[in-house]
Every structure is written in structure tokens, then in C-alpha cells.
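Since the structure comes first, as C-alpha cells, the remarks are kept for the end.
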Amino acid sequence: MTQLAVESSGLSKRFGRQFAVNGIDLAVPQGSVYGFLGPNGSGKTTTIRMLLGLIQPTAGSHRLLGEGMPVAAGRVLPKVGALVEGPAFHPYLSGRHNLARLDAADRWADPRSAARRVDAALDRVGLLAAATKRYRAYSLGMRQRLALAATLLTPRELLILDEPTNGLDPQGTREVRSLITTLAADGATVMLSTHLLSEVEQICTHVGVMHQGNLVAQASLRELQAGSVQGVQVLTDQPEPAQRVLRELGLTDVQISRDQVTATLGSLAPEKVVDALVHAGVPVRGFTVQAPDLEELFVSLTGKGFNING
Amino acid sequence: MADLAISATLPKPRPVSGRFLASELLLIFGRRRNWAGMAVLAAMPVIVSVANKIDPPTGGGGEGPDFFSAITSNGLFVALAALSIELPLFLPLAVATIAGDSIAGEANLGTLRYLLSVPVHRTRMLVVKFTAIVIFAFAATLLVAGTGVLMGTVLFGGGDLTLLSGTQISFGEGLLRLFAVCVYLAVCLSAVGAIGLFVSTLTEQPIGATIAIMILTVGSFILDNIPQLDWLHPYLLVHNWLNFGDLLRDPVAWDGISTGLLSAGAYILVFVTAAWARFSARDVTS
């Protein structure tokens, strides 16, 4: 059995009468990049705050890196880097001084290497040139980078990142995603909360979906995609013969429109389909195998749209 | 098993680290707003001494120890006069600003969640924050006294001085007694700081916390001046503050001083404990 970096059972948080998080059983395997997906207000941040011991669960329990929280917080959290609900720093201190302050608060950090580690972290997120600038003069993207740098001050086994690409331009987004991939390749487990489906598709190995405080789905990305149905799309100016060929091959749900034919692939290899089409003399202008995107998967998994509600 | 190997590679935490406290002090004493506040504190002895140089006083009056009539006789009295002027408002306000900021300021900026997930244990956080407040209370008091001594000796000279009880003491002993006054007042102000620490755990608005502390302090000055409430007076935060004059008698009237220290100690104990009870279980949602 794989070890779990984050594990919860029945974790719940009630604010007043409303359950912000309703009995979720998280299972984040060690070494995975876990996409913690859900619309705004679905309980992601509340969950992350509970995981870090910032708020107390109403019910349920959880473990980080195999140790029970919040009892083991002093032992576990030094190995956990966290970005929670956006960056927050002292506005009148420079980026470098802000990181130095966080490092000074860390009893586990070695003071002798502090200056070097702070600069290395700044360098890793591309902020070294702006190290002496006051935080208040930072753009949103720079602030986000500084918060990421704070998680890199010491080597971490688990990174819990709440919307790390929020506010970044496309270039910054790419850099952060490649940074996360690098960190994961170095052996860290990354729990990445996001509402961007494309982000999950690009870098995650596992997915958990929150919806109105419930964890409505949780699986590896491969499992999710294997359980889904692939389709083919043939572009041609002679759709009728193409339709006939596809039917003869045993494809189902064959549909025809002006210059294309679509069908459900089933267990047939796509190259067999192309071969059959060409042999039948159908002029093929384009052929695509369509894996359903994550959004469709979620609709099929949860029966719900991906809209913000409550 | 894998966990054991991982834990072994993690360096041991230092049991006591002064780095967080140092960082806290850097934050307090490096902030421009606090420089401005300290400049105001230091301005009072300057104004008092210059005004008395230009237009020397003719007679005394008013509540509490009267240092004004003696100002021109010895520089040390400038320091004592400045302390007694700043005691009702400026000094408590300075401490209330720092104390109100302590937890609420971090909560307001959102830095609290990051400090706690470093992790900083909540008890340690309160210990460091309160220590910084106490250090600031001492620094503020010594700043007023120091500026007073400097201005006073420059404008009025030093030398032997006459105590409130009429005894003559040397300038050196005078300095020593002034230092004792500063320590006494700083302990009293630390009680304000303890209340501030507690109030600061209740809110995310540092200014609101500061205002609440000032209402308590000024309010208790007012209550202390209503004779019909004399049964309440011994329990009031500020009731014993002016006892610092007892350190300037010969022999020193220790009764008033020990009562004052005991009262301040009780306030500190109660409110630091309350802050801990509140903060250690609080949900941090900022």
C-alpha cells in the first residue's frame, strides 16, 4: 500500500449552521501531485487551514506525513511548506527581510545558513533582483512568487499550495508550474488547490474534487481517464461513405454533420479506423481521437456543472 | 519506517531561539510609525525644559509628586516632570499601540497564518510578543527619562539634589533613583501591555485593540478620581502608578512601591493567561 502524505477521515468544519467542509476522507499518496479542485467557496481553503492546524475541525481527524495532527504539528509542519489563501507579508519590509523574519521564527532552521537560504529561495522564484524592494511595491505576481519562495526556505516533504498561480501572468504561470513539477520530481508531495481544470490536466497525477463542502471524487488522473469513453472525429467532404465504414467497423453512436463524422471509439485501435477509411477510398482531411476533457469528466462524475454556488 | 529515516535527517530544533524575538524587536523599532511615536515621547522633556528655561516657574500645584517647581534647581527633575506628564496618556498610548498591534496586526496582514504554519507554537508566539512589549515599555520609559536628564543637565546643570522629603543626595544616587522610577513605571506599563496582548487576540483590527486599551486606561484614571468609588480604587489599573514618587523619599517608602508592583503583577498574570486561553484555541481565519 502506498504511504499517504495527507490523510483525513471524516474531516468536518461547521461555521454556525453551515458545514463548510462535510466529512471528507482525503488520501494524498506520497510523491503525487494532487490537484485539489473545486469552485470558489467549495471548502478547499477551509480544508487546508484545518490540515495546517490553523482552525480546529468540528469533527474528524487527519494525519500529515504519517503523523497525527494537530498533536504532531511541531514535528510535522517544519517539513511542510504552505501557501494559504494568497500571499501575506509585512508591507514595509523588503521581500528579503520578510523571508528572513519567517526563517527567524523557525526553530528548526539553521541561522548560519539563513542569508544563503533566503537568497536561494528568492532566486528560485526569480525575485532576487527585487529582494530589497519593499513588499508594498510588489505587484500581485511578485507577491505570489514571494509566498512561494517562503515555502522553499528549507527542504520540504510536502507542499500545500493554495492557488499558487493566482495573479500570475502566462509566463509566471508557466514558471510556477515547471517549479512544481521540479519539486515533485525531487520527491516532494504537492497538494495543489486550484479552480483551473487545465492546471490539473497539465501537472497533476491525482485529483480530488470538492463541491459544496463534500469530496465528490478522488482518484488518480489515469483512473479517471481510463474510465471514460474516447471518441473519434473524421473530417471529410464525403461524410456518407465515412459513416458507412465506421458503422461496418462496429463503432457506435455514429453521427454525421456537414463535413465531419463523429463516433464512439470503443475498444478499437484508432489506426485501424484510419486504415479502413483509406482502403474504402474516403478522402480523409483530418482524424482526431478525442479524450474527454476534465470538465466533461467532472460532469459525468458528479452530475453537476462546474459553477460557483454558495 | 520511511518516516523514521526522514525524521532522522531533520535537524533538531533549538530549544530556545532568540531569533524570533530579535526579529520582533526589529519590526517594532524599525517601523517608521513607531519612530514618530518615540519622537513624540522624547519631545516632551525637551519642551518642558526649554519652556522652564525661558520662563521659570514661581510656584507649584496639582496632583501627584510636584517636580515642576524644582525643575530649574536640578536637571534630573526635568526627567521626573516629563515622566509624570506623559504617564496619563502618552506612555500608555505608546505601549497600547505596540500591544494592540501584537496579534491583531499580524492577523490583519494575514502574516499570522504563515507564522503559525512555520510552525510557531501559539504559546511561544504569545511569550515572544509579550516579551517584546515589555522591552518596548522599558525602552519608552528610559527614552523619556534619558532625554529629560540630557536636556535638564544641559540647561539647568546637575549636582546634588533635594528629595521630596528634604534630604540631600548626590547626583549619582539621584540617577539611580530615577532609574528605579523608570523600572517601576515600565512594570506598570507592562500591565497595560498584558491587557493589550489579550485584547489583541480578540480582534483583527489593531487600531480597535489600541483604542480599547486606551479606553480602559483613561477610564480607570477617571474612576480613580471619583471619590464615591473609593472602594474600587485599589483594584484600578492606574491607581498605584503615581506611587513612583515614593522612590524619591528618604528612606524610600516601599509600601506604595510593593503595592504597585503587586497590582501590576496581578494584572499581567491575569491578562497574559486570558490571552493564552483565548489564543491557544482560536480558529485563525484571517
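First residue shown is number 1, and so on along the chain.
Placed from the backbone N, Cα and C atoms, the Cβ positions cover glycine too.
The model shown is predicted, which means the values in this text are computed figures rather than measured ones.
The transmembrane segment annotation in TrEMBL covers B:35-54, B:74-99, B:130-156, B:176-199, B:206-223, B:257-277.
Long-range neighbours of the transmembrane segment (B:206-223) within the same chain, counting only residues 6 or more positions beyond its ends whose Cβ lies under 8 Å from a Cβ of the stretch, are 88-89, 92-93, 96-97, 99-101, 104-105, 108, 192, 195-196, 199-200, 229, 232-233, 236-239. With a cut-off of 8 Å between Cβ atoms, the residues of this chain six or more beyond the transmembrane segment (B:257-277) that come close are 103, 122-123, 126, 130, 184, 187-188, 190-191, 194-195, 197-198, 200-201, 234-235, 237, 239-241, 243-244, 246-247. Looking at B:35-54, B:130-156, B:176-199, the range that has the most CB pairs within less than 8 A of the transmembrane segment (B:74-99) turns out to be B:130-156.
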